[in-house]
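Take a look at the following structure, please.
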Amino acid sequence: MNKKILIIPGDGIGQEVTTWGKKVLEVIAEKNNLQFDFQEGIMGHVAIVATGDPLPDETLEKAKNSDAILFGAIGHAKYDNDPNAKVRPEQGLLKIRKELGLYANLRPILLFDELLAASSIKPEVLKGTDILFFRELTGDVYFGEKNRSEDGNFASDLMNYNRYEVERIAHKAYQAAQNRNKRLCSVDKANVLETSRLWREVVQEVAKQYPEVQTEHMFIDNAAMQLIRDPRRFDVVLTANLFGDILTDEASQIAGSMGMLASASVGDGTGFFEPIHGSAHDIAGQDKANPLASILSAALLLEISFGLKEQGAEVTKAVDTALKRGYRTIDIASSDTAKDKILGTTAMGELIVEILKEN
Ligand code: IPM
Ligand code: MG
């Protein structure tokens, strides 16, 4: 197997964490006699500083010519506090999603038993939770027309969906549900929004083609509540772009820390893999960031883009082993510091590499 992988570290802690995602891919390649060719590209705040453009053409070209992309993080506080900034790091991420047709964002809520206590939700409510989110990623209010009146006193973002956009992600979600616990919850706001009524209509249609999957429709407000009340009731959750953005951040707390969650964005072409955490500039460059989400993103890349299921599972297992041996980064440390062995980014990355080499 010969594959081209583009690494886009992005902003803040992105550089530190992707270093370890990449390293893990190198180890897997070495162990399995695979050929991975790596390239690097810039995107986000770092790209604005270097070129004025959050997604330079050169990066987009490299992305289109690669077999998979491992991305770090995006964003900078400078823009968050300046609502008038015309050029923003996040535009790079939105553009690459659109350009590569990455319409399905998969966010598995993977729960490691060792981290049950790291969540703010009671362990007995959490234990056994296993949710796979399908968030639509190239439509909705994210990409609808935006307006601001001349006097600046009125603003609007158009929320829109096409039938085919709902159909294609619904199929992906149903296919996944079929291979899991055969339950799918579609989340919308059909009691208020026309886009949600289209969404529900299409999902009901698609559902007919997957009779063995049990379908449930839930309003977003209720879903946000049910998710922490009884997370085990969910298997596959299918939802639109904005609802999915919010719901998956909430769901990350089920797993104890955003530092643990990986995501895959897929569509018709090159797959894009990234942690769901942000750029965390406050801890960037201090060897404090948790590299496990990037490492788990590399595992998803192996499984989804290259079909290397066993190798992906091996990476996930290495993370589990490190946790079982008591190693933690600071964000997932328990209050019982005598019990935890706290590691920095580098030491945690090295530990995972070591475990992978043990087998
Ligand atoms: C995410 C992020 C992005 C989004 C931002 C950075 C544009 O929050 O991937 O969830 O809203 O989609
Ligand atoms: Mg988000």
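Glycine is no exception: its Cβ is also placed from the backbone N, Cα and C atoms.
Okay, these came from TrEMBL:
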BINDING   ARG97, ARG107, ARG135, ASP221  substrate binding site
BINDING   ASP221, ASP245, ASP249  Mg(2+) binding site
DOMAIN    4-352  domain 'Isopropylmalate dehydrogenase-like'
SITE      TYR142  site 'Important for catalysis'
SITE      LYS189  site 'Important for catalysis'
Near ligand 1, meaning Cβ under 6 Å from any of its atoms: which of the recorded positions ARG97, ARG107, TYR142, LYS189, ASP245, ASP249 fit that description?
ASP245
Would you mind sorting out which of TYR142, LYS189, ASP245 (the recorded positions) have a C-alpha within 10 A of the one on ASP221 (substrate binding site)?
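Qualifying among TYR142, LYS189, ASP245: LYS189.
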Would you mind reading off the Cα separation of ARG107 (substrate binding site) from ASP249 (Mg(2+) binding site), to the nearest angstrom?
10
List the residues in the vicinity of the Mg(2+) site, defined as same-chain residues other than ASP221, ASP245, ASP249 with C-beta within 8 angstroms of the site's C-beta centre.
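Residues close to the Mg(2+) site, other than ASP221, ASP245, ASP249: ILE220, ALA224, LEU242, PHE243, GLY244, ILE246, LEU247, THR248, GLU250.
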Running a distance check here. Ligand 2 versus the binding-site residues ARG97, ARG107, ASP245: which have CB less than 6 Å from one of its atoms?
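Correct list: ASP245.
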Across all chains shown, how many C-beta atoms besides its own are within 10 angstroms of the C-beta of ARG107 (substrate binding site)?
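So the Cβ neighbour count for ARG107 (substrate binding site) comes to 24.
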LYS189 (site 'Important for catalysis') has how many other Cβ neighbours within 10 Å of its own Cβ?
20
Can you tell me which recorded positions out of ARG97, ARG135, LYS189 are within 10 A of ASP245 (Mg(2+) binding site) by Cα, answering none if there aren't any?
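Correct set: ARG135.
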